[in-house]
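Engineer: Quick one: structure below, then a few questions.
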Amino acid sequence: MSYSDGTRAVHAGLPEKPEVGDPFLPGPVFAGPFHLDPVSGPGENDYARTQHPTRRALEAAIGQLEGGPTLVFASGQAAITALLLAVLRPGDTVGLPADGYFTVRAFAEGTLRELGVSTILVPTSGPYPDFAGVRLVLLETPANPGLDVCDIRAVSAAAHAAGALVAVDNTAATPLGQNPLALGADVVVASGTKALTGHSDLLLGYVSSGDDALLGKVETWRKQTGAVPGAFDCWLAHRSIATLDLRLARQTSNAAAVAALLAARPDVTGVRWPGLPSDPSYAVAVAQMRRIPGIVSFDLGSAERVARFLTAASLVFAATSFGGVHTTADRRAQFGDDTAPGFVRLSCGIEDTADLVADLTAALDV
Ligand SMILES: *Cc1c(COP(=O)(O)O)cnc(C)c1O
């Protein structure tokens, strides 16, 4: 039986045969070591860095939504760097998005370069180079924060023809927005800190792949380096995934209204939302994605105007990150990102659309 997104999100990772008296979602198991059988040795659970039941339930949930076996990590960066360090060796070249998550580029320019790994930076919207000699291509689509989109199927085919592995950062889209593994990617990496869990109360990352050998390497990496999320965060994340479909639906409809509002204002420039028919990413986004994320980016011209806008807004929290139930806005340049001083990434929450549009309109008018 194939269910639709709301049903899949509610049931993701729940026990197949619950026992009478059990909660719907098994509670967090707080343990470092577990009791062992002194005769036969380790069973399913021995030590929490290696195996943990609450973590396995969350991995089953994300794996069902992403369409491939999944390992969770303490943060998105822990997941992404685990993949990079488990796969790349001195002399290798990695392809990274020129406009993708800033910390990944910084890691490549620092640690990876020191390890003898070269990086080529490619804009998400292309053109893509010949991948001959590239070991791994990491795509990020939609890219954070500029929101360009790339054709995962086409780039994966070209990269595979050149012998490269393809990873996709699925943070912005979430597994209900697109399934990169089904589009031809070898591996998905993502931050679960953002829309996947959506309550701005935890950090999480994951790696999903149908390639057992590749995922096995990443699992060994995790076991030996130890960047695992704690039981309570795993449980909170799993609890939050039940509402993913509902949260995304409201975030997307809020973003549609906000993008239309911003695009119609002469005092706002560079409005990007891949769901706007006039957006350069629209055609690829609607062909590839099952829903468009609730993130809109635009330029208010200066840091001062962004500050005035955020001070005047009642429903927009000044904060980094995105994908939460509260609407937030981030002036990325304050973190040393290579964005313009007035560039804003606005993440639509799940407030009522009319309230949000009225609040944004009044704050922009100030
Ligand atoms: C936030 C983010 C990350 C890093 O995730 P953390 O959970 O903050 O470590 C990686 N990629 C993208 C696209 C992100 O937005």
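The backbone N, Cα and C atoms fix where each Cβ goes, glycine too.
Annotation comment: TrEMBL describes K194 as N6-(pyridoxal phosphate)lysine. The region 'Disordered' feature in TrEMBL is assigned to 1-22.
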Engineer: Just jot down the residues in the same chain as the residue listed as 'N6-(pyridoxal phosphate)lysine', at least 6 apart in sequence, with C-beta under 8 A of its C-beta; none if empty.
Structural biologist: G76, T171, A172, T174, S321, F322, G323, G324
Engineer: Helix, strand, coil residue numbers for the region 'Disordered' (1-22) per DSSP?
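Structural biologist: Tallied per class, the region 'Disordered' (1-22) gives 7 helix, 0 strand, 15 coil.
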